[in-house]
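J.: Please read through the structure below; I'll follow up with questions.
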Amino acid sequence: MAYSWDNRVKYVVRYMYDIDNNGFLDKNDFECLAVRNTLIEGRGEFSADAYANNQKIMRNLWNEIAELADFNKDGEVTVDEFKQAVQKHCQGKKYGDFPGAFKVFIANQFKAIDVNGDGKVGLDEYRLDCITRSAFAEVKEIDDAYNKLTTEDDRKAGGLTLERYQDLYAQFISNPDESCSACYLFGPLKVVQ
């Protein structure tokens, strides 16, 4: 149940983009993402220029997401609307065939997780990313998920490259197979209520 396609898409909305935790996506979430991304990129330092750039990116992203997913045009994208948009625009497709808004989502997420900026998401960064969304009694739970997610080649390379991350993210939101390795992209999942 936790790795079902339905739950994975709910998870993306709830834990990745509904920053203000009101149960839906709206313009405010993307304004908050601009602040968050600026601070993450600056490793805690706030650059007005970087913020202005992130504001522009996030405003454009919200406008594109609203165009793709706000079917009733009320200024809010519900979980159901987001699921419909994913089904319509992403399901069964590779990353390269996704709409621009989804690609920006994915690139920004990679940038936020790649804390050391080496172009790879290693086990240490994966652990840090996982604990920002869920509680774990043992680190082994996270490590086991990382090992299910990654291949031997990924681990030899020092982690997931951007290209590999893009492919896994595309599978996470578009592949209905509950046993695909991409199900572990954001760690051990819980059922989203």
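Counting begins at 1 with the first residue displayed.
Every residue gets a Cβ built from N, Cα and C, even glycine.
What Swiss-Prot shows for this protein is this:
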- D18, D20, N22, D29: Ca(2+) 1 binding site (BINDING)
- D70, N72, D74, E76, E81: Ca(2+) 2 binding site (BINDING)
- D114, N116, D118, K120, E125: Ca(2+) 3 binding site (BINDING)
- 16-40: domain 'EF-hand 1' (DOMAIN)
- 57-92: domain 'EF-hand 2' (DOMAIN)
- 101-136: domain 'EF-hand 3' (DOMAIN)
- 10-36: region 'IgE-binding epitope' (REGION)
- 49-72: region 'IgE-binding epitope' (REGION)
- 130-147: region 'IgE-binding epitope' (REGION)
J.: Measuring Cα to Cα, how many Å separate E81 (Ca(2+) 2 binding site) from N22 (Ca(2+) 1 binding site)?
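T.: With distance taken Cα to Cα, N22 (Ca(2+) 1 binding site) is 15 Å from E81 (Ca(2+) 2 binding site).
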J.: Out of D70, E76, give me whichever of these binding-site residues has the highest number of other Cβ atoms within 10 Å.
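T.: The residue with the densest Cβ neighbourhood is D70.
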J.: Specify all same-chain residues, apart from the site residues D114, N116, D118, K120, E125, whose Cβ lies within 8 angstroms of the center of the Cβ atoms of the Ca(2+) 3 site, ordered by sequence.
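T.: Going along the sequence, the neighbours appear as I113, V115, G117, G119, V121, G122, G159.
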J.: Mind checking how the region 'IgE-binding epitope' (49-72) divides into helix, strand and coil residues in DSSP?
T.: 21 helix, 0 strand, 3 coil
J.: Name them in sequence order: residues not among D18, D20, N22, D29 whose Cβ is within 8 Å of the mean position of the Cβ atoms defining the Ca(2+) 1 site.
T.: Y17, I19, N21, G23, F24, L25, D26, N28, C32
J.: Using the CB centroid of D70, N72, D74, E76, E81 as the Ca(2+) 2 site centre, which other residues of the same chain sit with their CB within 8 A?
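T.: Along the chain, the qualifying residues are F24, A66, A69, F71, K73, G75, V77, T78.
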J.: If you compare CA-to-CA distances from D114 (Ca(2+) 3 binding site) to each of the binding-site residues D18, N22, N72, E76, which comes out shortest?
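T.: Ranked by Cα distance from D114 (Ca(2+) 3 binding site), first place goes to D18.
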J.: Distance check, please: Cα of K120 (Ca(2+) 3 binding site) against Cα of D29 (Ca(2+) 1 binding site), rounded to an integer number of angstrom.
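T.: Counting only the Cα atoms, the answer is 26 Å.
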J.: Which state, by DSSP, holds D114 (Ca(2+) 3 binding site): helix, strand or coil?
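T.: The three-state answer is coil.
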J.: Compile a sequence-ordered list of residues in the same chain as D118 (Ca(2+) 3 binding site), six or more apart from it, whose Cβ lies below 8 A from its Cβ; state 'none' when nothing qualifies.
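T.: The list for D118 (Ca(2+) 3 binding site) reads G158, given in order along the sequence.
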